[in-house]
């Protein structure tokens, strides 16, 4: 088996190497004609069915699932909405070709590590009591190729093992973009099914055998049964009418205007495809009978054209929502607003595994993209602060979504707090004023409660102190760099219309040596953390030198200032190691920019020193003149 696997691996690697060598004239088809996809930015929609309805069977005689290659139409001048647009195209094509009631979303840099985990997701979806209200089952993200110490907190276990598990007790976890099983009907913008309440009495008389109660109950039951029958008959008539239109369209018979009138609302919502509209009405999935494969493929090509989504609700109320580079948060938020619930599934064997950016610059750019998407949502109409009231979104779930979009704003106070210890050491003043004993007791009680909460969360989520500390360190590093840049870029994009380029984050190579961990890539995101690091180191040196010159009386107040400065330096230590790499020296460009910025800030502080009174300034100037 090992020999066969190695031979299979050699064949796959050979195909990959051959595919990377693009011919000068581009790829050609089997008949010698040029492949339409040679120009990746300008080509028609393409669909290739490898395994169709009459697919091949495995060794045990089971029919293999469908395997279809889809490439949506790309034309210059059209906004294709990146990943969200691609996912919506796949939703429409799959609805026409197979129309399965459940879908699995896995990114291209992830793979299935535990195939049995999908059965666990189906157990939630097909639960007879609460399964109908579940829109998706989210699995945690696990990664390969991360260094042993997880220097840049790529595992993110605090979020996946604590925060997401906590959300599972409210209305469910947020959608994180991969490793998720969806209910197809939830992506179509439908509301979650409402649980029927048992009928109650209509009067306040005590005996249950009261005639008025009995009669009213009978009347209510009869009226409810009649209304339910009417609703079911209407839904059935809609589905039958849509299917009839499909069959007529397939056979080439022109439909009359009166027959198309009921579909106008569906076309404004889903687009002008009767086949796809009929598929949305099939809750249990399935392909309409009587439709030929050729007609279905023709319709599938139509739904991935550039102009199909024009004047429809795709990307607004249906499918993956547009308007942010983090379309996953928006998509899950819209589903929860429709009253759906999500579930967090954590099997012992990870369901999916992927690769993560272990390089410092790539990791910061990844965090920048996430934070930029949060800022875009914060400044959009879909902001959870003011969107979705009066719907099925619970208040605690709303707070979690608000927390997921406002966190880039914390970069400003974070940078201020990281700068204050150096200011205290450079000026000899302590920023925190003297407080009373009562206030100090309240402060200590709050501090102890926060620490106790953190410890309980770690014990409950099974997170070790090392993972927690790495998460705290990178929160400071990312907050001082990526979150700050994302805040300004988001303001420029929303208010001034200045668009930022989206780049796919490069991931770690499977070479086993962590070579990219020590690779230095210049980016402006490195300047703010390095400036904070240099300012605090200078502050520590100045504070200790001043204490040595002034005697032992100044050592007591110095320890408090040194503690906060060293606390900042310790948090930024992984950042310093990332800059050093394998060599024990900093890149020259980082040193020059950081020292220049630190010098400017120091001179500016000396010029406007707020801790020295104007009288002392006049006396000092007079002494200098004398």
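Glycine is no exception: its Cβ is also placed from the backbone N, Cα and C atoms.
The feature UDP-alpha-D-glucose binding site is assigned by TrEMBL to 82.
Under the heading Mn(2+) binding site, TrEMBL lists 83, 107. All protein chains included, residue 83 (Mn(2+) binding site) registers 16 other Cβ atoms within 10 Å of its own Cβ.
If one looks beyond the transmembrane segment (405-426) by at least 6 residues along the same chain, the residues whose Cβ comes under 8 Å of a Cβ in the stretch are 329, 371, 374-375, 377-378, 383-384, 476, 479-480, 483-484, 486-487, 490, 528, 532, 535-536, 538-540, 542-543, 561-562, 564-565, 567-568, 602, 605. For 405-426 (among others), the entry in TrEMBL reads transmembrane segment.
The transmembrane segment annotation in TrEMBL covers 438-456 (among others).
Taken from TrEMBL, the feature transmembrane segment applies to 476-498 (among others). Panel annotation: around the transmembrane segment (476-498), residues 152, 364-365, 367-368, 371-372, 374-376, 378-380, 407-412, 414-415, 418, 524-529, 532, 568, 571-572, 574-575 of the same chain, lying at least six beyond its termini, place a Cβ under 8 Å from a Cβ of the stretch.
Marked as transmembrane segment by TrEMBL: 519-544 (among others).
Nonlocal intrachain contacts for the transmembrane segment (556-576), taken as residues 6+ away from its ends with a CB within less than 8 angstroms of a stretch CB, comprise 151-152, 360, 418, 420-422, 424-425, 430, 470, 472-474, 476-477, 480, 529-530, 532-533, 536-537, 539-540, 543-544, 547. The transmembrane segment annotation in TrEMBL covers 556-576 (among others).
According to TrEMBL, the feature transmembrane segment maps to 588-606 (among others).
Counting every protein chain shown, 14 other Cβ atoms lie within 10 Å of the Cβ of residue 82 (UDP-alpha-D-glucose binding site). In sequence order, 177, 178, 354 are the residues of the chain that are 6 or more apart from residue 107 (Mn(2+) binding site) and have a CB within less than 8 Å of its CB.
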